[in-house]
Ligand SMILES: CCCCC/C=C/CC(=O)SCCNC(=O)CCNC(=O)[C@H](O)C(C)(C)COP(=O)(O)OP(=O)(O)OC[C@H]1O[C@@H](n2cnc3c(N)ncnc32)[C@H](O)[C@@H]1OP(=O)(O)O
């Protein structure tokens, strides 16, 4: 069996390497004619592929192959190979998946992909920023791609990774980019001793010209967009909870596929203490995950769970000793990231899709209730109290 698999792998690789290489069906650029790559750029890219220092892997080679065919011959125009002709059928599927993409757009996507591959194979950093991704506006978020994993890291350790308004925008952009990049898995984690202390409470102190009402309106709109990105995220989404988690960083865990936590982590949703109400679809996901009374204890009374308790309630997938947490979790994720990405994406779709409509409705309702809450005396007093250092949760 192993011999057969080895022969298959060798044939598969040489089959692809023998052909000019190529983009994801996802992430194809739709560009105006003025921005498209010339034939010369394309020819250069075809030559460049042969000079790549590292083997880009079969997935990428397949993309290169499909884009090359589309760019040179147009939409797939040959009969589908038989079921048992694995290699040619896979190549045909990849080409056929490009549908009616124009030759010019395929050429551009091929050139872009090769340029990303060349840049990453020249990068000296073991955890290089994804070359095709616009980096976040501030240093408070760091996005990297390596080994088939895109990692979105909250990077404000001095403030326990509290989420500023800019960070919400940057996370939205990072998730949108990750949904289209070549990684198989996306991870959210934190720098320093905390995973995240939730919404930065000073966000509420930057009052716009329209006053409190306008602040609440725009925060509710941003919250809704932010949570929608998690609901719609198409690839496996993993939380690597490296320390305590508070507020919205806890509630959105119900929208992740897998949650790994250090035994130092805790999970705290002190909404009533803050005069606020649940968000991140937790009013729906938490009762489903842990039952209504356990969910009520967390969401109404702000009961803080230890990592072990959160795991027993089903909010956390697995807890690791803090000393080996990073090593164990990343080794496991690297192994998972080698699994066929399309199979994982499709399986996630089957698991999640029937819930999506419901989750969007819940998100809309929670955001609208919070819009009112943020204008309440209870909420204003709690935030003033935190800011004046009278209260710590
Ligand atoms: C678009 C808008 C969407 C809004 C969505 C709504 C979400 C709801 C929520 O997320 S509710 C949860 C809000 N979070 C909190 O209430 C946590 C507040 N923080 C604390 O209680 C504590 O800081 C702590 C328990 C997280 C950590 O305590 P510790 O004693 O270990 O550390 P410090 O308090 O000294 O914190 C270090 C500095 O970090 C600042 N900081 C921590 N968390 C926040 C935060 N959420 N908002 C603002 N600032 C925060 C803290 O003030 C310290 O700053 P300093 O060094 O300048 O004093």
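If you go along the chain as it appears here, the first residue is 1 and each next one adds 1.
Just so you know, glycine gets a Cβ as well, placed from its N, Cα and C.
Fair warning: this is a prediction, and the values are worked out from it, not measured in the lab.
Sequence annotations record features per position, and here TrEMBL assigns compositional bias 'Low complexity' to 118-129.
Under the heading domain 'ACB', TrEMBL lists 38-123.
Annotated region 'Disordered' per TrEMBL: 118-142, in sequence order.
The helix, strand and coil residue counts that DSSP assigns across the domain 'ACB' (38-123) are 59 helix, 0 strand, 27 coil. Looking only at the domain 'ACB' (38-123), the predicted model's pLDDT averages out at 84.
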